[in-house]
Amino acid sequence: MLHIPPTYRNLVLAILSWLCTLIIIAFSLSLSFFTPSYRPFNPSDPAISYPYQTNSTVPTWALFIISTFAPAFIIFVRIALYPALPFTKKGWDHVAIRTRIVWLHQSLLGLAASLAITLLLIDGLKNILGKPRPDFISRCGLVDDWDNGDYYAGPTKNLISVRACTAPYGKHELKDGFRAFPSGHAGLSFAGMGYLAGWLRRWFFPPHVSRTGSITGSVNGSSTGSVAASPMHEIENPSLSNLEAATRNLPRARPASQKGFWGWALLLLPMSLASWCAATRYSDFRHAGFDILAGCLIGAGGALLGWKVVGKRAGRGGWRAVVTDGYVGWTREGPRDGDVKMEERKRSDDEGPVVTGGAVTREGPVV
């Protein structure tokens with residue numbers, strides 16, 4: 001049986017994952033060139049009689065920055081630059097570099113998956129449903145004799161067809177006038193910023209360690225409330241035996257955002273930006289309130305799926321307890337899924353644990 005080294009197998013899987021994600025994104029974007037469903041409309045309906053705004057508050061290029069570039073840039077800076085890479089006598093720690101590359105790949109792939117899922121659902125629904133926008137009558141530009149009976153779309157005179165439109169702003173804007181539900185700006189902004197908020201929570205907030213030695217947070221995705229640990233006053237010397245005694249039963253927990261107001265502010269900033277972007281679509285007469293709400297829910301769902309399926313794997317192993325000068329602290333662990341084998345670090349068995357700044361830890365790299 002052909003044996004494929006784990007490194008090459010993981011590389012092939014990574015390439016295939018990116019390829020599938022990019023294909024979904026490209027297909028979703030191509031849906032905007034298809035003709036949506038032309039629903040009959042009531043020319044006297046005030047809900048679609050708002051004026052057409054030539055310039056949007058959040059144009060397409062700004063939406064790209066909010067939903068894609070800004071989250072990707074923040075993720076890259078956090079993983080690549082902070083904290084500093086460990087430096088040894090032989091140069092930069094190659095295992096730490098490879099570990100960060102894996103984390104960056106998984107984090108960005110999760111972001112791309114969130115956007116791909118959201119794009120596919122939103123663009124598909126837009127074309128299938130063909131709901132008129134609030135400014136549709138302005139985009140349509142009705143002919144003067146639209147009520148002479150030639151343009152009626154039903155047995156009554158309330159509904160007329162798109163044949164009564166002159167498209168004063170162009171055929172593209174007329175087609176886009178039938179893409180009200182759901183809101184693409186709301187969906188993409190919540191997909192990108194929602195994913196970023198979850199990522200920041202994971203990477204910036206370790207579990208809370210109380211002064212009595214109890215640990216609160218979430219363990220393996222479930223709330224634990226309080227987990228008993230060794231009393232801190234008993235940990236006086238950061239030796240290996242003390243470390244093992246103190247951390248044997250400590251959880252490898254996902255971080256809990258218990259850093260006070262600044263911690264919550266860091267999480268709320270991305271969601272506030274996404275909410276502002278979604279709200280501008282209402283003030284620009286591009287969408288009704290229900291369209292925006294549906295887009296927000298789809299985007300949040302896409303962000304959750306991208307995070308759970310892909311992005312959550314980045315930095316697998318969570319936070320690990322370390323002992324420093326008699327106190328229990330937390331540090332990031334490397335991945336445990338075989339992407340980067342920590343045993344590749346050139347260290348003999350008799351070297352013992354890694355000692356860095358008074359902290360004793362059994363695993364690395366400490367990044």
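Each Cβ is built from the backbone N, Cα and C atoms, and glycine gets one as well.
TrEMBL annotations: computationally assigned, not manually curated.
For reference, TrEMBL has these:
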type	residues	note
COMPBIAS	334-350	compositional bias 'Basic and acidic residues'
DOMAIN	109-233	domain 'Phosphatidic acid phosphatase type 2/haloperoxidase'
REGION	334-367	region 'Disordered'
TRANSMEM	12-34	transmembrane segment
TRANSMEM	61-81	transmembrane segment
TRANSMEM	102-122	transmembrane segment
TRANSMEM	180-200	transmembrane segment
TRANSMEM	261-282	transmembrane segment
TRANSMEM	288-310	transmembrane segment
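Count of Cβ pairs under 8 Å against the transmembrane segment (288-310): among 12-34, 61-81, 180-200, 261-282, the largest is for 180-200. Most Cβ pairs within less than 8 Å of the transmembrane segment (12-34), among stretches 61-81, 102-122, 180-200, 261-282, belong to 102-122. For the domain 'Phosphatidic acid phosphatase type 2/haloperoxidase' (109-233), the mean pLDDT of the prediction comes to 79.
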